[in-house]
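Peer 1: Pasting in a structure now, in structure tokens, and then I'll have a few things to ask.
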């Protein structure tokens, strides 16, 4: 290499040293000083890993005094370069010797890095291109936000998330029956809103007992890192911000925290995008006296654009309570309870028409007339004719029915704000089997009852009944708090025998009181050494989590988990299928809540319900009322609260007095009323709302699309190559699992999301669902997203040189492959990525500037290429400079033409989708007042914004590869 003092060179292996200056040439050695770092390097003149830095006309360069020059002419004098051009600030014609160039110069543009000899390995160029394709594929996916969560692909859950998650500032009521997965639906919506940029700041309000469970669920299932806020956390946060809620984007807190005026004011001022309220049916409301909890949520809902309320079903709540929730979502729309009742009555015609369509049978003249009247603004005669035509294709007829159902759904009063699935409309639940185990009443309890009756005459009936349902509690109170009752209670003997007989089975035991649960654990431990753990409201959240994890362990874990009534709220243990009810709650909803701990979506076995009770006592009579009157053990009973309210007086008297005649009368009356309510509910079932909530065939197709994405071999290959390039150690763990560890040779100093001690991952959804300790990898997982960002935001793979061995082409033939990114700068919330995400534009030029990319695919071209030593690659680039410079300008012309096409297609797609949706919503607003003005104005504003962003779309060269033909 010809070296001269003062020349500027850059190190091919240590580009971070900046621009070097030749300060010594002696014999076969050359000394280069790198002024930016003050370091010297000594190189062999013949094999120095150095590249001469020479700029070209049009380049902008910077002097060591930090003024810039646009180069117009390059002069070589005495082996040194002098640049002539225009001063960027003054416009004067100036000259700059290369010795006076800025030392801190870095080559960021791919073409600059190529000519400066900063050439990457061939595999890195390939991985970079695959990363850009993956990012584009994810951004344009219709399933964005649904693929990543570690949840089962259950149709109604995915459907609700798909429908609600795509809305701007959704305000909906999720009112599925117990066990159908409202928390998962909310998590899916949150995940989708965050990933699509529709929301950034989210507040989740839950009962105090569920805060940690939500925290764990959001992280384990959705990879979302929420922060739990309590008073202590708020005080700590003052060091960072006057408003503690601004210190985190994703926050979970309890209503109790917000009861303090100061904290509520801070929450109101925190600019949330979405609020989620769990157990919203506990928010008590009446027109005269709404509760404090209701007022807190109401104040927040007036400030926060998006609101999700998770609540019990309207059937369980009663109409006024249901109206109160809807009022939180849209107070202008749901302003008067009587008007709401009247409006609901008018939906019966819509529901009747929907029943006719959903039945799949031929439509009667009455049904056709009803449909025609309801959909009077459009001509449906062709669709009706098609449905009635038995000779028509089955799929075509089904499509016609579906379209008419969709039209009816759009006109349904609460169809856009209420989602309610019931077990009647969702399949896949296990059988529930009741096993009763009557036990003889011990004498100790008989005595305790007698004494209690004499001493507690002042108590009201309700309090007396609660006492007689828990004889162990009465005995403890009279025995100075001693817990010795378990030594003679026959229910405990039965429980021990049951656990010994079923040692291999996990058993959940629920009792009303925490004291009872603790005593039972002591009994099992001291009498038989049975491994059991307790779960009650006196334990901290972390203690409860540990107890739950101990119970869940297959090997070495507890056989039994003993829960108190309050302690078990919100916890699910569907890996167990045996439930022991040590006593019974005096409330049908609480009974269902107990059974619902096991009877949930995901339960793979029948739920066996065991009920040991004391014969000829209030326990037996309550068992009979629940079983014979309500059928509440083996089926869900939505009318349970109604029946309890209607018969509570008679029930309480019957429980206190052992009167067989009264009991028979009560059972007969309850059973008759139960059948009456069941029939009324069946007839009044809102089939249209059910169709909208579970999605029908559309939900099944959605789930099938998601299932097809699972195990995508192309994705798996791309992700594994990505981890290889970054330097992540991958150890096969068997059973479709891989253990990832940071290696000593990581390309980047940190890889966010990859723990130092490693993480076990799988691409198999079923495995991830069966193992809490294994992460599910999809293209939405943070480990994949972070990996893509690390590569695409760095210079990795932006340049490469390769050899094409093909004797059909003349040796020395040159090809220049350029990867541009077509993009437009816009905030994520604008949703521009749906129409013009960063899109790779490939241009492949021969030496004459002909674009061959349409005829030669990337894959076929790449397979024929071989890597080149970096030193040789640098020489090849230098030798080809004269040919390459004009090709860059030519390539940009081709890429710009493609950009215009992409922008036009994006604009057409955006206009078609959004204007179509806008017109549809405007038309529907005339027949369905649930269409909010905010949705219409947001769509109009979004279209204007997107057009502006598309006007500013641009190209950026992302990577370049020089390819030379060789016959060697």
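Yeah, the Cβs are placed from backbone N, Cα and C, and that goes for glycine too.
Per Swiss-Prot, the features are:
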type: DOMAIN; residues: 163-332; note: domain 'Helicase ATP-binding'
type: BINDING; residues: 176, 177, 178, 179, 180, 181, 182, 183; note: ATP binding site
type: MOTIF; residues: 278-281; note: motif 'DEAH box'
type: DOMAIN; residues: 491-678; note: domain 'Helicase C-terminal'
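Show me how these features fit into the shown structure, please.
Peer 2: Cβ environment of residue 179 (ATP binding site): 423, 429, 596, 599, 600, 601 lie under 8 Å away, each six or more residues apart in the same chain.
Confidence annotation: the motif 'DEAH box' (278-281) carries a mean pLDDT of 89 in the model.
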Peer 1: DSSP helix, strand and coil counts for the motif 'DEAH box' (278-281)?
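Peer 2: Breakdown, helix to coil: 2 helix, 0 strand, 2 coil.
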Peer 1: Taking the centroid of the Cβ atoms of 176, 177, 178, 179, 180, 181, 182, 183 (ATP site), which other same-chain residues have Cβ within 8 Å of it?
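Peer 2: Close Cβ neighbours, site residues excluded: 421, 600, 601.
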Peer 1: Count the Cβ atoms, other than its own, that fall within 10 Å of the Cβ of residue 178 (ATP binding site), considering every protein chain shown.
Peer 2: 19
